[in-house]
């Protein structure tokens with residue numbers, strides 16, 4: 001298993017790309033791509049890390 005890492009935010013002004021490249025967050029939720037996870041983290045106080053690439 002790879003170590004947990006933070007989601008890398010791209011400066012997508014128009015939102016996240018509609019590319020399905022799932023990542024599994026440390027909250028046990030599968031996000032459709034790293035950008036989506038990053039966007040969700042901006043709304044949280046405690047960021048969710050990427051547990052692994054691929055669905056949970």
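A Cβ is built for glycine as well, from the same backbone N, Cα and C atoms used for every other residue.
Record features (Swiss-Prot):
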| type | residues | note |
| --- | --- | --- |
| DISULFID | 9-38 | disulfide bond |
| DISULFID | 16-35 | disulfide bond |
| DISULFID | 24-56 | disulfide bond |
| DOMAIN | 3-56 | domain 'Kazal-like' |
| SITE | 20, 21 | site 'Necessary for sperm binding' |
Candidate nearest residue 35 (disulfide bond) in space, where candidates are the recorded positions 9, 20, 21, 56 and distance is Cα-Cα: 9
Which listed residue (9, 16, 38, 56) has most other Cβ within 10 Å, given these are disulfide-bonded residues: 38
Cβ contacts of residue 24 (disulfide bond) (under 8 Å, same chain, 6 or more positions away): 30, 31, 50, 51, 52, 53, 54, 55, 56
Residue 38 (disulfide bond) and residue 21 (site 'Necessary for sperm binding'), distance between Cα atoms, whole Å: 13
Residue 24 (disulfide bond) in three-state DSSP notation: strand
Recorded positions compared (20, 35) - the one with the fewest other Cβ atoms within 10 Å: 20
Conformational class of residue 9 (disulfide bond) under the three-state DSSP mapping: coil
Pairwise CA distance, residue 20 (site 'Necessary for sperm binding') versus residue 38 (disulfide bond), rounded so that it is a whole Å: 15
All-chain count of other Cβ atoms within 10 Å of residue 21 (site 'Necessary for sperm binding'): 13
Conformational class of residue 38 (disulfide bond) under the three-state DSSP mapping: helix
The domain 'Kazal-like' (3-56): DSSP-derived helix, strand, coil residue counts: 8 helix, 10 strand, 36 coil
C-alpha spacing of residue 16 (disulfide bond) relative to residue 38 (disulfide bond), in angstrom: 9
